[in-house]
Amino acid sequence: MREQAPVRFGTPLTAGATRVMLLGSGELGKEVIIALQRLGVEVIAVDRYDNAPGHQVAHRAHTIDMSDPEALLRLVEEERPHFVVPEIEAIATDALATVEERGTAVVIPTARATQLTMNREGIRRLAAEELGLPTSPYEFAESLEEVRAATERIGFPCVIKPVMSSSGKGQSTVRDTGGVETAWEYALAGGRINYGRVIVEGFVDFDYEITQLTVRAIGADGEVGTFFCEPIGHLQDSGDYVESWQPQPMSDAALARSREVAEKVTAALGGRGIFGVELFVKGDDVYFSEVSPRPHDTGLVTLRTQRLSEFELHARAILGLPVDTTLTTPGASAVIYGGVDATGIGFDGVADAMAVPETDLRLFGKPESFVRRRMGVAVSTGPDVETARSRAREAASRVEPVA
């Protein structure tokens, strides 16, 4: 189907404005908002708590329970955006389907894609059972007894995760039967919404894992095409990213296979926008892990490595504009954690951190800090990935959160 950008972009805060509503306004949403505003778009930021990072820069901000379909539909009807862009998982996806059916707004990428990716069950069944993509062995369970049985069939080590969570919350690796009950309880506590259901995954003995940022955007022929960023390598701790770098060195065969997998799953989801496709790589073999239909946390590195960051690419794809995935320099990112449980924290050492060559910081402005909450990121470039990684780690270590 041939698609096109809006014929005319309006002026924010006027009757002719082009309006985008973001559902979820954390640090990734904040960067998307800034990218949209640079294109003259009026942005409405929505989150579950006041003064979220995106709230602080949007034209208007709302605090609602986005898992409440009536509240979400009321807000969409009130604001009448042209585009509704989910940025988190915990959203009433039935309400998004209603928005699409009524023609109230365009849902990015689609209501169906949001529904399928909001929990690990929907996307895993699509990838493995419908598309036939290689994945780790897996089972779903909704009681401790079912989890125990699943681990016996899959074997140890294995990974137990909530069917819906973000940033690694509720995820743990289990190495023997003694850890199963603790992992089950941790998964129930860590889900965005407690469905009482988990996925038990076999452990993939991978060489490394990547995020293949994949953009579905309108090409020169007026058709939606698929565009790839260079692969992003990353390290995780308890399922939460702590470092990322771009490009990740890969064999030609592994890179081609990664893009084949990414194109298949994103085409099946449809719509426009950027997708973060997480993959395990073992030699030339590639295994699908997860996909997010939005900018990916590991993609924060693109703030300095690409001509257009993942956030700018998402903004352009949303609006039907051309995209450019050119890599301009090797780079890396390293997470700055809160370190303390407190509200309204400060940061010491910022000048020292920014004295590291070719380094920038993003402090997200989250109103509440936790010891393991991501409160900022250091992003560095260099002549090669290893230099950039060393610089990013050093810069992040110089920032000290203080209550």
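Using the three backbone atoms N, Cα and C, a Cβ is placed for every residue, glycine included.
A helical conformation is recorded for E27 (N(1)-(5-phospho-beta-D-ribosyl)glycinamide binding site) in the three-state DSSP classification. E27 (N(1)-(5-phospho-beta-D-ribosyl)glycinamide binding site) is surrounded by 21 other CB atoms, counting those within 10 A of its CB over all protein chains shown. Per Swiss-Prot, the feature N(1)-(5-phospho-beta-D-ribosyl)glycinamide binding site maps to E27, L28, E87, D297, K366, R373, R374; the stated evidence is sequence analysis.
The feature ATP binding site is assigned by Swiss-Prot to R120, K161, S166, S167, G168, K169, G170, Q171, E201, G202, F203, V204, E209. The Cβ of R120 (ATP binding site) lies under 8 Å from the Cβ of K161, P162, V163, M164, I199, E290, each of these being in the same chain and 6 or more residues away along the sequence.
Residues annotated as domain 'ATP-grasp' in Swiss-Prot: 125-319.
Using a 10 Å Cβ-Cβ cutoff, E278 (Mg(2+) binding site) registers 20 neighbours. The Mg(2+) binding site annotation in Swiss-Prot covers E278, E290.
Broken down by DSSP into helix, strand and coil, the region 'Disordered' (382-403) contains 14 helix, 3 strand, 5 coil. The feature region 'Disordered' is assigned by Swiss-Prot to 382-403.
Per Swiss-Prot, compositional bias 'Basic and acidic residues' is recorded for 386-397.
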Cβ neighbours of D297 (N(1)-(5-phospho-beta-D-ribosyl)glycinamide binding site) where a neighbour is any other Cβ within 10 Å: 23
Those binding-site residues of G170, E201, F203, E209 having Cα within 10 angstroms of E87 (N(1)-(5-phospho-beta-D-ribosyl)glycinamide binding site): none
Within 10 angstroms of K366 (N(1)-(5-phospho-beta-D-ribosyl)glycinamide binding site), Cα basis - binding-site residues out of G170, F203, E209, E278: none
Candidate with sparsest Cβ neighbourhood (10 Å radius) among E87, E201, the listed binding-site residues: E201
